[in-house]
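Participant: Structure incoming, see below.
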């Protein structure tokens, strides 16, 4: 039995975790942030890093510090029934109902579709591409014991190779001086807050909770099994992963900001990166960009299928095996990607807006539980208040035809920051402060 991971083992797990986290969306957000921020780049980026890197790190830390086996174990601090409800809803929403189907379509829309033969229908191209993507994803997912090697040693280095191939050229031969670029929209009037909201909207804290089960099992694979040592290793790999994410975010945002003087403001970050790649590598750039996005999405999809399947096999041990769950989730994602992704996303987004505040409040309680001596009833009070407030964000994110104006109007009138999608923040902060003060007083009396 080992006491700790070697440096090489820590790097391998960190590389794997980075690969699981870092999908195409993690490139698209900072690229657009850079373009839109211009001269306000660094203050916008600071805000982005606070939530886009800080929240995922806290999610991983909450699993490590509480020595939890995964999300099911951590959310059990609220109640047994709630842990099943929250875990199922989170994994299904960020897995087969949302993020995995998007992993099929994003590389196709942003990179592969431009390489299709002339005359081929887009729907046909998507079907063929998603079939190939499905086969590769399922092949790796059915071998969960090798996920650390596949993602940590091969797919993540491949992604970084494509990424730095483009970015080094862009940094050595910048397209312009970002100091001369005028910020646009909210990045001109409130760059820090805009960056915070952009980082918040990556919703990577959910991924941090979801991928915890893979990190913990990988650490144990290397022979570290004592709970306190697993916790320490989890924290270490989380810090290394988030440092790498911060570096990649900073480079992407900087290159995006520099590109605007020559290429103009793109409609989104995917288009911006595609333009940058084609500028520096005419002809070849589209292929390099397509490969980079493909690998970025593939490794995240593999991680999500693995995490979802391991969790459901653990929650329902007498129903289906891990392999059967992996096949079912993969088929479901394949079908949604080709048939009804737009509809599914329109319903998944409101659920994500409900889940994210619940996840953040759980993380906050878990991290400070020992400090303030939180009991189960405190978890339940905090969760109930968060749920009631987050329902407002849920209703606001519903498709236009389903919104109840009386409800959203009431929430907008009562909750500060509601229009920013943060209506839960003030009341939950107040409740947390009250529970913390109560905990301190109780500890002094004990």
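Positions of Cβ are set from backbone N, Cα and C atoms, glycine also.
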Participant: Could you tell me which of the ranges 196-216, 259-279 is annotated in Swiss-Prot as transmembrane segment?
Facilitator: 196-216
Participant: Considering only Cβ pairs within less than 8 angstroms, which of the stretches 120-140, 237-257, 347-367 has the most against the transmembrane segment (196-216)?
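Facilitator: Going through each listed stretch, the top one turns out to be 347-367.
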Participant: Do the transmembrane segment (41-61) and the transmembrane segment (285-305) share at least 3 Cβ pairs closer than 8 Å, excluding pairs fewer than 6 residues apart in sequence?
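Facilitator: Between the transmembrane segment (285-305) and the transmembrane segment (41-61), which are separate recorded stretches, there is no contact, as judged by 3 or more close Cβ pairs.
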Participant: Looking at the stretches 120-140, 154-174, 285-305, 347-367, which one shares the most CB pairs under 8 Å with the transmembrane segment (81-101)?
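Facilitator: Out of the listed stretches, 347-367 contacts the transmembrane segment (81-101) most.
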